[in-house]
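Enquirer: Below are the features I grabbed from TrEMBL:
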{"type": "DOMAIN", "residues": "27-139", "note": "domain 'Glucose-methanol-choline oxidoreductase N-terminal'"}
{"type": "DOMAIN", "residues": "234-358", "note": "domain 'Glucose-methanol-choline oxidoreductase C-terminal'"}
């Protein structure tokens, strides 16, 4: 097929390791309960076992669990702290701060800025404002294969264990006759088949009864999936805003999503599904199964929940929320960390880029303490 696969990069350990900060971690045991679970061996490069222990050791770090920040307090372009509530007791507190860092995932970062009246909310009709703008996600384009005479030990696995290819990702292929932008990263991984979530059976199998049980048992260890993590493109109609009616238990407006796929997203999904199916057929599957129709956007269906946008980064305060230090234009001692600062989506996980932007923001915060103003 003239493709160019490579081993998928992964932040898990294949052997025991002590990092430069003195944190000792165990090797992955391929238990298959990885990508949605904690790790009892510390094999995943998770902040719980890499960053937080080091922060605690400095003596300058305090973690306050069971706390829910409701808003950032600010005036005259400067934040003075946050108002938060202890969710167990209901008691409210004001935490003063010289710098406020929002790192609460895409939705809560955006919600906090909107509820705190920091920046101008995005208006899709006039295309003015920036807070809430450019929401995007990934969608999965998949092909499944069933093998009558092959077994794969699918009960074992680890997160991102496998191979990937970028032949249909971004500008790595010719879009001349295609009616969509971008593409996706195709992967074949073995994360481990869990008892219920991985119970795939060939098309035509009854959804219950003796035949369903027979096929479930037979193909549990004889199935494979090739998938593309395809980039959903932002557009003027997909955005996050405060709900005008519904509020949370603390009386703050809930975040509202106004999101759906554009036709170009459907076109990209159909193309990437076909490429995944071609790979599966070349792998020699006896039966294949693929779905090239997505329907409407629905978190949980075709979506890995890599949400980006809402507090996007840019060079113009009129069209973005933060600058390249992740510093908020309107209140310059607020820094926003997370994929909410992405103005666009790619076909890969956002984590690596988030790490780089966090380092950049840390440099900016140090610089801010010296200069006390906008950094760009």
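Backbone N, Cα and C define each Cβ position, glycine as well.
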Enquirer: Please work out the mean pLDDT for the residues of the domain 'Glucose-methanol-choline oxidoreductase C-terminal' (234-358).
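Expert: Residues in the domain 'Glucose-methanol-choline oxidoreductase C-terminal' (234-358) carry a mean pLDDT of 95 in this prediction.
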Enquirer: May I have the DSSP-based helix, strand and coil counts for the residues of the domain 'Glucose-methanol-choline oxidoreductase N-terminal' (27-139)?
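Expert: Helix/strand/coil tally for the domain 'Glucose-methanol-choline oxidoreductase N-terminal' (27-139): 17 helix, 38 strand, 58 coil.
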